[in-house]
Amino acid sequence: MEEIVLLFAIVSLARSDQICIGYHANNSTKQVDTIMEKNVTVTHAQDILEKTHNGKLCSLNGVKPLILRDCSVAGWLLGNPMCDEFLNVPEWSYIVEKDNPVNGLCYPGDFNDYEELKHLLSCTKHFEKIRIIPRDSWPNHEASLGVSSACPYNGRSSFFRNVVWLIKKDNAYPTIKRSYNNTNKEDLLILWGIHHPNDAAEQTKLYQNPTTYVSVGTSTLNQRSIPKIATRPKLNGQSGRMEFFWTILKPSDTINFESNGNFIAPEYAYKIVKKGDSAIMKSGLEYGNCNTKCQTPIGAINSSMPFHNIHPLTIGECPKYVKSDRLVLATGLRNTPQRKRKKRGLFGAIAGFIEGGWQGMVDGWYGYHHSNEQGSGYAADKESTQKAIDGITNKVNSIIDKMNTQFEAVGKEFNNLERRIENLNKILEDGFLDVWTYNAELLVLMENERTLDFHEANVKSLYDKVRLQLKDNARELGNGCFEFYHKCDNECMESIRNGTYNYPQYSEEARLNREEISGIKLESMGIYQILSIYSTVASSLALAIMIAGLSFWMCSNGSLQCRICI
(Lines of atoms letter the chains of each structure in order from A and count residues from 1; the text may use other names and numbers.)
(Lines give C-alpha, C1' and ligand atoms only; values in the text may rest on other atoms or scores of the structure.)
Protein backbone atom coordinates (compact mmCIF):
# COMPACT_ATOMS: atom_id res chain seq x y z
CA MET A 1 0.00 0.00 0.00
CA GLU A 2 2.82 2.37 0.93
CA GLU A 3 4.56 1.66 -2.39
CA ILE A 4 1.39 2.58 -4.31
CA VAL A 5 1.08 5.88 -2.42
CA LEU A 6 4.76 6.68 -3.10
CA LEU A 7 4.39 5.92 -6.80
CA PHE A 8 1.32 8.16 -6.99
CA ALA A 9 3.19 10.99 -5.28
CA ILE A 10 6.14 10.68 -7.65
CA VAL A 11 3.86 10.72 -10.70
CA SER A 12 2.02 13.76 -9.32
CA LEU A 13 5.32 15.53 -8.70
CA ALA A 14 6.48 14.83 -12.25
CA ARG A 15 3.32 16.45 -13.55
CA SER A 16 3.74 19.60 -11.44
CA ASP A 17 3.66 23.00 -13.16
CA GLN A 18 7.07 24.35 -14.10
CA ILE A 19 8.69 27.55 -15.30
CA CYS A 20 12.20 27.66 -16.76
CA ILE A 21 14.60 30.50 -17.51
CA GLY A 22 16.60 30.17 -20.70
CA TYR A 23 18.22 31.89 -23.62
CA HIS A 24 17.99 32.00 -27.38
CA ALA A 25 19.78 29.53 -29.64
CA ASN A 26 19.83 29.15 -33.42
CA ASN A 27 21.59 27.39 -36.27
CA SER A 28 24.45 29.91 -36.41
CA THR A 29 27.97 28.58 -36.97
CA LYS A 30 29.66 31.94 -36.45
CA GLN A 31 32.67 31.74 -34.18
CA VAL A 32 34.61 34.30 -32.17
CA ASP A 33 37.72 34.29 -30.04
CA THR A 34 37.98 35.55 -26.47
CA ILE A 35 40.85 36.09 -24.08
CA MET A 36 40.46 32.56 -22.69
CA GLU A 37 38.85 30.59 -25.53
CA LYS A 38 39.13 30.17 -29.27
CA ASN A 39 36.40 29.42 -31.81
CA VAL A 40 33.41 29.99 -29.52
CA THR A 41 30.19 29.49 -31.50
CA VAL A 42 27.75 32.35 -30.92
CA THR A 43 24.22 33.17 -32.00
CA HIS A 44 25.17 36.53 -33.48
CA ALA A 45 28.48 38.11 -34.48
CA GLN A 46 29.63 41.11 -36.47
CA ASP A 47 32.67 41.17 -38.71
CA ILE A 48 34.53 44.44 -38.10
CA LEU A 49 37.39 43.89 -40.57
CA GLU A 50 36.81 45.08 -44.13
CA LYS A 51 38.59 42.89 -46.68
CA THR A 52 37.10 44.03 -50.00
CA HIS A 53 37.53 46.97 -52.36
CA ASN A 54 36.19 47.82 -55.81
CA GLY A 55 39.53 47.95 -57.65
CA LYS A 56 38.85 51.48 -58.96
CA LEU A 57 39.88 55.08 -58.44
CA CYS A 58 36.81 57.03 -57.36
CA SER A 59 35.77 60.57 -56.60
CA LEU A 60 36.26 61.41 -52.95
CA ASN A 61 33.09 62.89 -51.48
CA GLY A 62 31.98 63.93 -54.95
CA VAL A 63 35.27 65.54 -56.08
CA LYS A 64 37.22 63.79 -58.84
CA PRO A 65 40.90 62.94 -58.46
CA LEU A 66 43.57 64.42 -60.71
CA ILE A 67 44.90 61.34 -62.49
CA LEU A 68 48.17 62.29 -64.20
CA ARG A 69 48.29 59.12 -66.34
CA ASP A 70 51.79 58.96 -67.88
CA CYS A 71 52.85 62.36 -66.51
CA SER A 72 54.71 63.07 -63.31
CA VAL A 73 54.01 65.97 -60.96
CA ALA A 74 57.08 67.74 -62.37
CA GLY A 75 55.90 67.15 -65.95
CA TRP A 76 52.49 68.56 -65.08
CA LEU A 77 53.71 71.69 -63.25
CA LEU A 78 56.47 72.59 -65.72
CA GLY A 79 54.28 71.79 -68.70
CA ASN A 80 55.87 68.82 -70.46
CA PRO A 81 54.49 68.98 -74.04
CA MET A 82 53.17 65.43 -73.61
CA CYS A 83 51.08 66.62 -70.64
CA ASP A 84 49.07 69.32 -72.40
CA GLU A 85 45.80 67.82 -71.15
CA PHE A 86 46.79 69.04 -67.68
CA LEU A 87 47.61 72.65 -68.59
CA ASN A 88 44.44 73.73 -66.78
CA VAL A 89 42.87 71.38 -64.27
CA PRO A 90 39.80 71.73 -62.03
CA GLU A 91 39.69 71.14 -58.30
CA TRP A 92 40.89 67.70 -57.26
CA SER A 93 40.35 65.52 -54.20
CA TYR A 94 43.70 63.78 -54.54
CA ILE A 95 46.44 63.37 -57.16
CA VAL A 96 47.29 60.04 -58.77
CA GLU A 97 50.77 59.46 -60.16
CA LYS A 98 52.17 56.22 -61.55
CA ASP A 99 55.27 54.67 -60.00
CA ASN A 100 57.53 55.56 -62.94
CA PRO A 101 55.72 57.99 -65.24
CA VAL A 102 57.43 58.41 -68.61
CA ASN A 103 56.60 62.09 -69.08
CA GLY A 104 58.48 63.95 -66.38
CA LEU A 105 61.55 66.12 -67.00
CA CYS A 106 61.87 65.60 -70.74
CA TYR A 107 65.09 67.61 -70.70
CA PRO A 108 67.24 65.67 -68.21
CA GLY A 109 68.01 67.23 -64.87
CA ASP A 110 66.76 67.64 -61.32
CA PHE A 111 63.86 69.27 -59.53
CA ASN A 112 65.16 70.86 -56.34
CA ASP A 113 63.20 70.01 -53.16
CA TYR A 114 60.84 67.91 -55.25
CA GLU A 115 59.63 65.89 -52.29
CA GLU A 116 58.83 69.06 -50.35
CA LEU A 117 56.83 70.30 -53.33
CA LYS A 118 54.83 67.08 -53.30
CA HIS A 119 54.23 67.56 -49.60
CA LEU A 120 52.86 71.02 -50.40
CA LEU A 121 50.48 69.45 -52.90
CA SER A 122 49.14 67.16 -50.17
CA CYS A 123 47.67 70.31 -48.58
CA THR A 124 46.33 71.79 -51.82
CA LYS A 125 43.14 71.03 -53.73
CA HIS A 126 43.12 73.57 -56.55
CA PHE A 127 45.57 75.67 -58.56
CA GLU A 128 44.71 78.54 -60.84
CA LYS A 129 47.39 79.13 -63.45
CA ILE A 130 48.17 82.79 -64.13
CA ARG A 131 50.73 84.49 -66.39
CA ILE A 132 53.25 86.54 -64.44
CA ILE A 133 55.96 87.33 -67.05
CA PRO A 134 54.72 87.14 -70.66
CA ARG A 135 56.91 85.37 -73.19
CA ASP A 136 56.92 88.42 -75.47
CA SER A 137 58.29 90.69 -72.72
CA TRP A 138 61.95 89.76 -73.42
CA PRO A 139 62.94 92.12 -76.26
CA ASN A 140 66.69 91.71 -75.69
CA HIS A 141 66.68 87.90 -75.56
CA GLU A 142 65.41 85.07 -77.72
CA ALA A 143 62.33 83.62 -76.03
CA SER A 144 61.23 81.26 -78.81
CA LEU A 145 64.51 79.52 -79.73
CA GLY A 146 64.91 77.74 -76.41
CA VAL A 147 63.62 74.34 -77.51
CA SER A 148 65.04 70.81 -77.48
CA SER A 149 64.58 67.54 -79.32
CA ALA A 150 64.34 65.96 -75.86
CA CYS A 151 60.88 67.56 -75.51
CA PRO A 152 59.20 66.85 -78.84
CA TYR A 153 55.69 67.86 -79.83
CA ASN A 154 54.10 66.78 -83.09
CA GLY A 155 57.50 65.62 -84.34
CA ARG A 156 59.23 68.95 -83.72
CA SER A 157 61.48 70.23 -80.94
CA SER A 158 59.64 71.94 -78.12
CA PHE A 159 60.05 72.82 -74.46
CA PHE A 160 58.17 73.03 -71.15
CA ARG A 161 55.02 75.14 -71.61
CA ASN A 162 55.14 77.10 -68.34
CA VAL A 163 58.75 78.36 -68.40
CA VAL A 164 60.90 80.14 -71.02
CA TRP A 165 64.44 79.12 -71.95
CA LEU A 166 66.12 82.45 -72.73
CA ILE A 167 68.91 82.45 -75.35
CA LYS A 168 71.28 85.21 -76.48
CA LYS A 169 70.11 87.62 -79.15
CA ASP A 170 72.42 89.25 -81.71
CA ASN A 171 75.43 87.67 -79.96
CA ALA A 172 74.57 89.43 -76.70
CA TYR A 173 72.93 88.40 -73.46
CA PRO A 174 72.26 91.59 -71.46
CA THR A 175 71.87 91.17 -67.71
CA ILE A 176 68.27 90.46 -66.79
CA LYS A 177 66.64 92.31 -63.91
CA ARG A 178 62.99 91.47 -63.55
CA SER A 179 60.58 91.64 -60.61
CA TYR A 180 57.06 90.43 -59.93
CA ASN A 181 54.84 91.63 -57.08
CA ASN A 182 52.12 89.28 -55.85
CA THR A 183 49.02 91.46 -55.76
CA ASN A 184 46.75 88.45 -55.32
CA LYS A 185 45.14 87.44 -52.06
CA GLU A 186 46.47 83.90 -52.44
CA ASP A 187 49.94 82.40 -52.25
CA LEU A 188 51.75 81.86 -55.56
CA LEU A 189 53.79 78.81 -56.56
CA ILE A 190 56.58 80.05 -58.85
CA LEU A 191 59.01 77.82 -60.76
CA TRP A 192 62.26 78.69 -62.59
CA GLY A 193 65.47 76.96 -63.59
CA ILE A 194 69.09 77.07 -64.64
CA HIS A 195 70.82 75.32 -67.53
CA HIS A 196 74.11 73.43 -66.98
CA PRO A 197 75.86 73.16 -70.39
CA ASN A 198 78.03 70.27 -71.52
CA ASP A 199 81.11 72.37 -72.26
CA ALA A 200 82.37 75.96 -72.63
CA ALA A 201 81.60 76.00 -76.35
CA GLU A 202 77.94 75.28 -75.68
CA GLN A 203 77.97 77.94 -72.96
CA THR A 204 79.10 80.74 -75.29
CA LYS A 205 77.03 79.43 -78.18
CA LEU A 206 73.84 79.79 -76.17
CA TYR A 207 74.56 82.66 -73.79
CA GLN A 208 77.65 84.45 -75.15
CA ASN A 209 78.92 85.15 -71.60
CA PRO A 210 81.42 82.52 -70.36
CA THR A 211 80.74 83.20 -66.68
CA THR A 212 77.12 83.52 -65.66
CA TYR A 213 74.77 83.31 -62.68
CA VAL A 214 71.08 83.23 -61.76
CA SER A 215 70.05 85.15 -58.66
CA VAL A 216 66.58 85.01 -57.06
CA GLY A 217 65.36 86.84 -53.98
CA THR A 218 62.19 87.36 -51.96
CA SER A 219 61.55 88.44 -48.39
CA THR A 220 62.37 84.87 -47.32
CA LEU A 221 64.62 83.60 -50.14
CA ASN A 222 68.15 84.58 -51.13
CA GLN A 223 69.57 82.24 -53.78
CA ARG A 224 72.41 82.53 -56.26
CA SER A 225 73.12 79.66 -58.67
CA ILE A 226 76.11 79.21 -60.98
CA PRO A 227 76.05 76.87 -63.99
CA LYS A 228 78.09 73.69 -63.61
CA ILE A 229 79.82 73.01 -66.93
CA ALA A 230 80.85 69.37 -67.23
CA THR A 231 81.02 66.52 -69.72
CA ARG A 232 78.20 64.08 -69.02
CA PRO A 233 76.69 61.02 -70.67
CA LYS A 234 73.72 61.73 -72.90
CA LEU A 235 70.18 61.31 -71.65
CA ASN A 236 67.32 61.82 -74.09
CA GLY A 237 70.04 62.87 -76.54
CA GLN A 238 71.30 65.65 -74.25
CA SER A 239 74.62 66.04 -72.45
CA GLY A 240 73.47 69.20 -70.69
CA ARG A 241 71.28 69.25 -67.59
CA MET A 242 68.63 71.53 -66.17
CA GLU A 243 67.91 72.22 -62.54
CA PHE A 244 64.52 73.55 -61.50
CA PHE A 245 63.55 75.43 -58.35
CA TRP A 246 60.34 76.59 -56.73
CA THR A 247 59.16 78.94 -54.02
CA ILE A 248 55.93 80.19 -52.47
CA LEU A 249 55.43 83.93 -52.90
CA LYS A 250 53.17 85.38 -50.23
CA PRO A 251 50.62 88.13 -50.98
CA SER A 252 52.23 91.60 -51.28
CA ASP A 253 55.69 90.03 -51.49
CA THR A 254 57.99 90.56 -54.49
CA ILE A 255 60.28 88.13 -56.27
CA ASN A 256 63.38 89.52 -58.01
CA PHE A 257 65.29 87.76 -60.79
CA GLU A 258 68.76 88.70 -61.97
CA SER A 259 70.84 86.76 -64.52
CA ASN A 260 73.38 87.18 -67.30
CA GLY A 261 72.86 83.71 -68.78
CA ASN A 262 71.54 80.16 -68.41
CA PHE A 263 68.25 81.44 -67.00
CA ILE A 264 64.99 79.51 -67.45
CA ALA A 265 62.40 82.14 -66.59
CA PRO A 266 58.85 81.61 -65.31
CA GLU A 267 56.02 82.54 -67.63
CA TYR A 268 53.18 81.10 -65.57
CA ALA A 269 52.70 80.63 -61.84
CA TYR A 270 50.10 78.77 -59.82
CA LYS A 271 47.74 80.61 -57.55
CA ILE A 272 46.80 78.36 -54.62
CA VAL A 273 43.07 79.06 -54.56
CA LYS A 274 42.00 76.19 -52.32
CA LYS A 275 43.85 74.46 -49.53
CA GLY A 276 42.75 71.29 -47.83
CA ASP A 277 43.60 67.68 -47.14
CA SER A 278 44.77 65.99 -50.31
CA ALA A 279 47.52 63.55 -51.24
CA ILE A 280 49.62 62.18 -54.06
CA MET A 281 48.76 58.52 -54.42
CA LYS A 282 50.88 56.07 -56.40
CA SER A 283 48.59 53.94 -58.55
CA GLY A 284 48.20 52.67 -62.09
CA LEU A 285 44.40 52.41 -61.94
CA GLU A 286 42.00 54.40 -64.09
CA TYR A 287 39.03 56.44 -62.97
CA GLY A 288 36.04 54.19 -62.31
CA ASN A 289 33.20 56.75 -62.43
CA CYS A 290 32.32 56.09 -58.81
CA ASN A 291 32.23 57.88 -55.48
CA THR A 292 33.71 56.90 -52.14
CA LYS A 293 34.70 58.18 -48.73
CA CYS A 294 37.90 56.14 -48.57
CA GLN A 295 40.43 55.50 -51.33
CA THR A 296 43.47 53.23 -51.46
CA PRO A 297 45.97 52.77 -54.32
CA ILE A 298 44.35 49.45 -55.25
CA GLY A 299 40.70 50.43 -54.96
CA ALA A 300 38.02 52.28 -53.03
CA ILE A 301 36.57 51.11 -49.73
CA ASN A 302 32.90 51.67 -49.00
CA SER A 303 32.47 50.31 -45.51
CA SER A 304 31.31 51.29 -42.05
CA MET A 305 33.62 48.78 -40.40
CA PRO A 306 36.27 50.17 -38.04
CA PHE A 307 39.20 48.17 -39.44
CA HIS A 308 40.49 47.04 -42.83
CA ASN A 309 43.45 45.02 -44.11
CA ILE A 310 43.40 46.15 -47.75
CA HIS A 311 46.29 48.62 -48.00
CA PRO A 312 48.21 50.70 -45.45
CA LEU A 313 48.03 53.87 -47.59
CA THR A 314 44.63 55.54 -47.65
CA ILE A 315 42.96 58.90 -48.04
CA GLY A 316 39.55 59.98 -46.78
CA GLU A 317 37.33 58.82 -43.95
CA CYS A 318 38.81 55.36 -43.68
CA PRO A 319 38.79 52.42 -41.32
CA LYS A 320 42.00 51.86 -39.42
CA TYR A 321 44.48 49.63 -41.26
CA VAL A 322 45.65 46.51 -39.41
CA LYS A 323 47.57 43.42 -40.46
CA SER A 324 44.96 41.04 -39.07
CA ASP A 325 43.15 38.46 -41.19
CA ARG A 326 40.10 38.14 -38.93
CA LEU A 327 38.36 40.42 -36.44
CA VAL A 328 34.88 39.25 -35.40
CA LEU A 329 32.97 40.87 -32.57
CA ALA A 330 30.46 38.81 -30.59
CA THR A 331 27.06 40.45 -30.32
CA GLY A 332 24.97 37.43 -29.31
CA LEU A 333 25.24 34.59 -26.81
CA ARG A 334 27.09 31.31 -26.74
CA ASN A 335 25.19 29.12 -29.17
CA THR A 336 24.47 25.84 -27.38
CA PRO A 337 21.17 24.37 -28.63
CA GLN A 338 19.60 21.80 -26.30
CA ARG A 339 19.54 19.10 -28.95
CA LYS A 340 23.28 19.38 -29.41
CA ARG A 341 24.99 20.33 -26.19
CA LYS A 342 28.58 21.33 -26.52
CA LYS A 343 31.56 21.21 -24.24
CA ARG A 344 31.46 23.78 -21.48
CA GLY A 345 33.73 26.76 -21.71
CA LEU A 346 35.82 28.28 -18.98
CA PHE A 347 32.79 29.38 -16.98
CA GLY A 348 30.67 26.31 -17.74
CA ALA A 349 27.23 26.61 -19.23
CA ILE A 350 25.51 29.96 -19.45
CA ALA A 351 24.76 31.27 -15.96
CA GLY A 352 26.61 28.23 -14.61
CA PHE A 353 23.68 25.80 -14.72
CA ILE A 354 21.59 26.26 -17.87
CA GLU A 355 23.02 23.71 -20.26
CA GLY A 356 21.23 24.41 -23.53
CA GLY A 357 19.56 27.23 -25.44
CA TRP A 358 16.07 27.31 -26.92
CA GLN A 359 15.63 27.47 -30.66
CA GLY A 360 11.89 27.83 -30.12
CA MET A 361 12.32 31.28 -28.58
CA VAL A 362 12.89 33.55 -31.56
CA ASP A 363 11.68 36.97 -30.36
CA GLY A 364 14.29 37.63 -27.68
CA TRP A 365 17.67 36.71 -26.27
CA TYR A 366 16.43 35.72 -22.80
CA GLY A 367 13.07 34.46 -21.61
CA TYR A 368 10.85 31.80 -20.10
CA HIS A 369 9.34 28.42 -20.90
CA HIS A 370 6.34 27.27 -18.88
CA SER A 371 4.26 24.12 -18.69
CA ASN A 372 0.95 23.63 -16.85
CA GLU A 373 -2.46 22.06 -17.38
CA GLN A 374 -3.26 24.70 -20.00
CA GLY A 375 -0.25 23.80 -22.11
CA SER A 376 3.29 25.05 -22.59
CA GLY A 377 5.09 27.80 -24.46
CA TYR A 378 7.97 30.25 -24.77
CA ALA A 379 7.93 33.93 -23.86
CA ALA A 380 10.87 36.29 -24.36
CA ASP A 381 11.78 38.83 -21.73
CA LYS A 382 11.78 41.80 -24.07
CA GLU A 383 12.91 44.37 -21.52
CA SER A 384 16.20 42.66 -20.68
CA THR A 385 16.70 41.71 -24.33
CA GLN A 386 16.25 45.30 -25.51
CA LYS A 387 18.62 46.64 -22.86
CA ALA A 388 21.23 44.11 -23.95
CA ILE A 389 20.76 44.95 -27.64
CA ASP A 390 21.06 48.68 -26.93
CA GLY A 391 24.18 48.17 -24.83
CA ILE A 392 25.94 46.00 -27.41
CA THR A 393 24.87 48.25 -30.31
CA ASN A 394 26.25 51.30 -28.50
CA LYS A 395 29.49 49.44 -27.86
CA VAL A 396 29.91 48.46 -31.52
CA ASN A 397 29.09 51.99 -32.68
CA SER A 398 31.55 53.43 -30.17
CA ILE A 399 34.33 51.20 -31.49
CA ILE A 400 33.52 52.24 -35.07
CA ASP A 401 33.42 55.96 -34.21
CA LYS A 402 36.72 55.83 -32.34
CA MET A 403 38.53 53.97 -35.11
CA ASN A 404 37.31 56.06 -38.07
CA THR A 405 40.05 58.55 -38.95
CA GLN A 406 39.91 61.24 -41.57
CA PHE A 407 42.66 61.51 -44.16
CA GLU A 408 44.82 58.69 -43.00
CA ALA A 409 48.53 58.51 -43.82
CA VAL A 410 49.66 58.46 -47.42
CA GLY A 411 53.19 57.39 -48.32
CA LYS A 412 55.96 59.93 -47.82
CA GLU A 413 58.73 60.51 -50.36
CA PHE A 414 62.39 61.15 -49.67
CA ASN A 415 65.23 62.16 -51.95
CA ASN A 416 68.40 60.15 -52.44
CA LEU A 417 70.17 61.95 -49.60
CA GLU A 418 67.45 60.96 -47.16
CA ARG A 419 67.43 57.18 -47.60
CA ARG A 420 68.41 56.53 -44.02
CA ILE A 421 65.53 58.73 -42.88
CA GLU A 422 63.23 56.84 -45.25
CA ASN A 423 64.35 53.49 -43.86
CA LEU A 424 63.84 54.75 -40.31
CA ASN A 425 60.41 56.05 -41.28
CA LYS A 426 59.44 52.64 -42.67
CA ILE A 427 60.61 50.94 -39.48
CA LEU A 428 58.55 53.37 -37.39
CA GLU A 429 55.47 52.95 -39.59
CA ASP A 430 55.77 49.16 -39.45
CA GLY A 431 56.07 49.43 -35.68
CA PHE A 432 52.94 51.58 -35.48
CA LEU A 433 51.05 49.09 -37.66
CA ASP A 434 52.14 46.23 -35.42
CA VAL A 435 50.96 48.14 -32.35
CA TRP A 436 47.62 49.02 -33.97
CA THR A 437 47.13 45.40 -35.04
CA TYR A 438 47.89 44.14 -31.54
CA ASN A 439 45.57 46.73 -29.99
CA ALA A 440 42.74 45.85 -32.39
CA GLU A 441 43.06 42.12 -31.77
CA LEU A 442 43.28 42.61 -28.01
CA LEU A 443 40.28 44.94 -28.09
CA VAL A 444 38.19 42.32 -29.89
CA LEU A 445 39.26 39.51 -27.53
CA MET A 446 38.45 41.59 -24.45
CA GLU A 447 35.12 42.86 -25.78
CA ASN A 448 34.07 39.34 -26.78
CA GLU A 449 34.88 38.09 -23.28
CA ARG A 450 32.88 40.95 -21.77
CA THR A 451 29.94 40.39 -24.11
CA LEU A 452 29.61 36.68 -23.32
CA ASP A 453 29.97 37.39 -19.59
CA PHE A 454 27.39 40.15 -19.98
CA HIS A 455 24.87 37.71 -21.47
CA GLU A 456 25.54 35.16 -18.73
CA ALA A 457 24.98 37.82 -16.09
CA ASN A 458 21.67 38.80 -17.71
CA VAL A 459 20.42 35.20 -17.68
CA LYS A 460 21.50 34.80 -14.05
CA SER A 461 19.74 38.08 -13.18
CA LEU A 462 16.52 36.83 -14.78
CA TYR A 463 16.80 33.57 -12.84
CA ASP A 464 17.30 35.42 -9.56
CA LYS A 465 14.30 37.62 -10.32
CA VAL A 466 12.09 34.50 -10.50
CA ARG A 467 13.72 32.79 -7.51
CA LEU A 468 13.18 35.81 -5.26
CA GLN A 469 9.50 35.92 -6.19
CA LEU A 470 8.73 32.23 -5.73
CA LYS A 471 10.73 31.69 -2.53
CA ASP A 472 9.59 28.32 -1.08
CA ASN A 473 6.45 28.07 -3.24
CA ALA A 474 8.59 26.14 -5.74
CA ARG A 475 11.77 24.16 -5.73
CA GLU A 476 14.83 24.68 -7.91
CA LEU A 477 15.60 21.75 -10.19
CA GLY A 478 19.19 22.84 -10.87
CA ASN A 479 18.79 23.21 -14.64
CA GLY A 480 17.28 26.69 -14.75
CA CYS A 481 13.78 25.42 -13.93
CA PHE A 482 11.43 25.81 -10.96
CA GLU A 483 8.79 23.21 -10.01
CA PHE A 484 5.73 24.64 -8.29
CA TYR A 485 4.24 23.27 -5.10
CA HIS A 486 0.93 24.75 -6.24
CA LYS A 487 -1.10 25.02 -9.39
CA CYS A 488 0.07 27.89 -11.61
CA ASP A 489 -2.17 28.72 -14.55
CA ASN A 490 -1.28 31.05 -17.42
CA GLU A 491 -2.25 34.13 -15.43
CA CYS A 492 0.03 33.00 -12.63
CA MET A 493 2.85 32.41 -15.12
CA GLU A 494 2.40 35.89 -16.59
CA SER A 495 2.55 37.46 -13.12
CA ILE A 496 5.94 35.82 -12.57
CA ARG A 497 7.22 37.11 -15.90
CA ASN A 498 6.13 40.68 -15.24
CA GLY A 499 7.25 40.66 -11.60
CA THR A 500 3.79 40.82 -9.94
CA TYR A 501 3.61 37.26 -8.57
CA ASN A 502 1.46 37.14 -5.38
CA TYR A 503 3.42 34.91 -3.02
CA PRO A 504 0.89 34.91 -0.11
CA GLN A 505 -1.93 33.87 -2.44
CA TYR A 506 -0.27 30.54 -3.19
CA SER A 507 1.80 29.98 -0.05
CA GLU A 508 -0.79 27.89 1.88
CA GLU A 509 -1.40 25.51 -1.02
CA ALA A 510 2.31 25.24 -1.58
CA ARG A 511 2.95 24.53 2.13
CA LEU A 512 0.41 21.68 2.25
CA ASN A 513 1.75 20.05 -0.90
CA ARG A 514 5.30 20.50 0.29
CA GLU A 515 4.53 18.84 3.66
CA GLU A 516 2.64 15.99 1.99
CA ILE A 517 5.51 15.25 -0.32
CA SER A 518 7.98 15.49 2.57
CA GLY A 519 5.88 13.02 4.66
CA ILE A 520 5.70 10.52 1.83
CA LYS A 521 9.42 10.75 1.43
CA LEU A 522 10.01 10.10 5.15
CA GLU A 523 7.63 7.07 5.19
CA SER A 524 9.17 5.67 2.06
CA MET A 525 12.59 6.03 3.67
CA GLY A 526 11.42 3.80 6.64
CA ILE A 527 10.10 1.11 4.31
CA TYR A 528 13.30 1.18 2.32
CA GLN A 529 15.36 0.82 5.51
CA ILE A 530 13.36 -2.32 6.69
CA LEU A 531 13.62 -3.88 3.25
CA SER A 532 17.33 -3.17 3.20
CA ILE A 533 17.95 -4.87 6.61
CA TYR A 534 15.77 -7.88 5.69
CA SER A 535 17.57 -8.28 2.39
CA THR A 536 20.99 -8.15 4.07
CA VAL A 537 20.12 -10.77 6.75
CA ALA A 538 18.49 -13.13 4.26
CA SER A 539 21.45 -12.93 1.92
CA SER A 540 23.93 -13.65 4.74
CA LEU A 541 21.90 -16.68 6.00
CA ALA A 542 21.64 -18.15 2.51
CA LEU A 543 25.38 -17.77 2.01
CA ALA A 544 26.13 -19.55 5.36
CA ILE A 545 23.85 -22.50 4.46
CA MET A 546 25.54 -22.84 1.07
CA ILE A 547 29.02 -22.92 2.65
CA ALA A 548 27.96 -25.54 5.29
CA GLY A 549 26.39 -27.80 2.66
CA LEU A 550 29.46 -27.63 0.46
CA SER A 551 31.74 -28.51 3.39
CA PHE A 552 29.61 -31.55 4.39
CA TRP A 553 29.64 -32.89 0.83
CA MET A 554 33.42 -32.54 0.51
CA CYS A 555 34.00 -34.33 3.85
CA SER A 556 31.75 -37.26 2.87
CA ASN A 557 33.64 -38.05 -0.34
CA GLY A 558 37.11 -37.55 1.15
CA SER A 559 37.90 -34.32 -0.65
CA LEU A 560 38.05 -32.56 2.66
CA GLN A 561 39.27 -33.97 5.99
CA CYS A 562 37.56 -32.73 9.08
CA ARG A 563 39.22 -33.08 12.48
CA ILE A 564 37.71 -32.10 15.78
CA CYS A 565 40.22 -31.66 18.57
CA ILE A 566 39.21 -31.46 22.22
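From the backbone N, Cα and C atoms, a Cβ is placed for every residue, glycine too.
Quantities reported herein were computed from a predicted structural model and do not represent experimental measurements.
The disulfide bond recorded by Swiss-Prot for CYS106 joins it to CYS151 [selected from CYS71, CYS83, CYS123, CYS151]. Among CYS58, CYS83, the one Swiss-Prot lists as the disulfide partner of CYS71 is CYS83.
Within the list ASN39, ASN557, the entry that Swiss-Prot describes as N-linked glycosylation site is ASN39. When the candidates CYS58, CYS488, CYS492 are compared with Swiss-Prot, only one is recorded as disulfide-bonded to CYS290, and it is CYS58. Around CYS151 (disulfide bond), taking its Cβ as the centre, 24 other Cβ atoms fall within 10 Å, counting all chains. The disulfide-bonded residues under consideration are CYS58, CYS106, CYS290, CYS294, CYS318. Their Cβ neighbour counts within 10 Å are lowest for CYS290. Highest Cβ count within 10 Å among the disulfide-bonded residues CYS71, CYS83, CYS488, CYS492: CYS488. Model confidence over the topological domain 'Cytoplasmic' (551-566) is summarised by a mean pLDDT of 57. Reduced to three states, the DSSP call for CYS294 (disulfide bond) is strand. Of all the recorded positions listed here (ASN26, CYS290, ASN302, ASN498), ASN26 has the Cα closest to the Cα of ASN39 (N-linked glycosylation site). Listed in sequence order, the residues of the same chain lying 6 or more apart from ASN27 (N-linked glycosylation site) and placing their CB within less than 8 Å of its CB are PRO337, GLN359.
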